[in-house]
Amino acid sequence: MSEKRRDNKGRILKTGESQRKDGRYLYKYIDSFGEPQFVYSWKLVATDRVPAGKRDCISLREKIAELQKDIHDGIDVVGKKMTLCQLYAKQNAQRPKVRKNTETGRKYLMDILKKDKLGVRSIDSIKPSDAKEWAIRMSENGYAYQTINNYKRSLKASFYIAIQDDCVRKNPFDFQLKAVLDDDTVPKTVLTEEQEEKLLAFAKADKTYSKNYDEILILLKTGLRISEFGGLTLPDLDFENRLVNIDHQLLRDTEIGYYIETPKTKSGERQVPMVEEAYQAFKRVLANRKNDKRVEIDGYSDFLFLNRKNYPKVASDYNGMMKGLVKKYNKYNEDKLPHITPHSLRHTFCTNYANAGMNPKALQYIMGHANIAMTLNYYAHATFDSAMAEMKRLNKEKQQERLVA
């Protein structure tokens, strides 16, 4: 009968266990790929003390028990050791054909993970507390609440892949961010009717911004996304039927420059009606066009709104213009205008029609929303005045019904 192996304390070692000359314990096993793997610890059992100068650690027998539980539960003991960066890369590789801005967003998050200590951690070692600490670090580094929430959602999706692949049991990013950080997201600006009138009147009369009056008016009266607006070309306008055809958007990237994208969803492809004010504004835009050299971008030309270099304007151009316009207005007027962006004008358009009682499905179509919930959120932007007006309208209709009856 062969003699049992013992450690330097005379304790019998089990199958696969051994002790190195430096006193460290080792456990050898064969993984699912038939490759030998090793687990180490300075302690055989939990009650052991680590040698002087060595960091405390989990005992070998505890590690073996955890390993055997993983194997019993079907956990991939090799896969669970991949880093968070590797897991995120794996998720992205499963969906390689994405839009340019999605690709850019992925790159930003990967760069963040590579610089953060969480990125090199094995996924099996990441706990909910680690994920929450990551969110706090992101906030301390100046990232906005919504940006952190978007990145957290991506990492949560990555861990669902790891769970499906039996690499881990739980998702450390499955928590509410608002329980960790205060939501400092600034509410989207909705212009009141009075603010809308003052903005348009000031732009129309101002020597610098009068050239932008029709652009602002069209945005307020069509609710277009700024990328859709910037991508408008002459063939997109149907004056006979008073429609604006939307089937593409114009974007600009710091690396590749201008490019055309199709709408993110099929709902983005639509025909937006021209109300009279928008119709007349488009007519003025065409009448004021100069016969300059026209650029072509991905097969599209005859863009309606050009900058001084005859390139089509994009979101950054309009953000800068609106910022300057509001700043100038507020300099000369006591009744200040709020911070306004091109999206504020789209938000105002949708809210106005929601408060006017437009059928939600009709408004969803005009806005190009993929989900009706997005549209219904605008119906929640009612003010006390609009709520009171709506109650009066409904009461008046009821009274008229009674009189008819």
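Each Cβ is built from the backbone N, Cα and C atoms, and glycine gets one as well.
From a predicted model like this one, the values you see are computed outputs, not experimental measurements.
Taken from Swiss-Prot, the feature active site covers ARG225 (among others), and the record attributes it to sequence analysis. Long-range Cβ proximity for ARG225 (active site), meaning a same-chain Cβ under 8 A and a gap of 6 or more residues, is found for GLN249, HIS343, ARG346, GLY368.
Annotation comment: Swiss-Prot describes LYS264 (among others) as active site. Following the DSSP three-state reduction, the secondary structure of LYS264 (active site) is coil. Counting only residues at least six positions away in the same chain, the Cβ atoms of ARG99, ALA370 sit under 8 Å from the Cβ of LYS264 (active site).
HIS343 (active site) falls within a helical segment according to DSSP. Here Swiss-Prot flags HIS343 (among others) as active site.
Within 10 Å of the Cβ of ARG346 (active site) there are 21 other Cβ atoms, across all protein chains. Summarising the annotation, Swiss-Prot assigns active site to ARG346 (among others).
The Cβ of HIS369 (active site) has 20 neighbouring Cβ atoms from other residues within 10 Å, across all protein chains displayed. For HIS369 (among others), the entry in Swiss-Prot reads active site, with the evidence type sequence analysis.
Within its own chain, TYR379 (active site, O-(3'-phospho-DNA)-tyrosine intermediate) has ALA354, ASN355, PRO360 as residues 6 or more apart in sequence whose C-beta sits under 8 angstroms from its own. Per Swiss-Prot, active site, O-(3'-phospho-DNA)-tyrosine intermediate is recorded for TYR379, and the stated evidence type is sequence analysis.
Look at Swiss-Prot and you will find 79-163 tagged as domain 'Core-binding (CB)'. Shown for the domain 'Core-binding (CB)' (79-163): DSSP residue counts in helix, strand and coil, namely 68 helix, 2 strand, 15 coil.
The feature domain 'Tyr recombinase' is assigned by Swiss-Prot to 186-392, with sequence analysis given as support.
Its Cβ taken as reference, HIS343 (active site) is surrounded by 17 other Cβ atoms within 10 Å in the chains shown.
When averaged over the domain 'Core-binding (CB)' (79-163), pLDDT in the model lands at 93. Classification of HIS369 (active site) by DSSP places it in coil, neither helical nor stranded.
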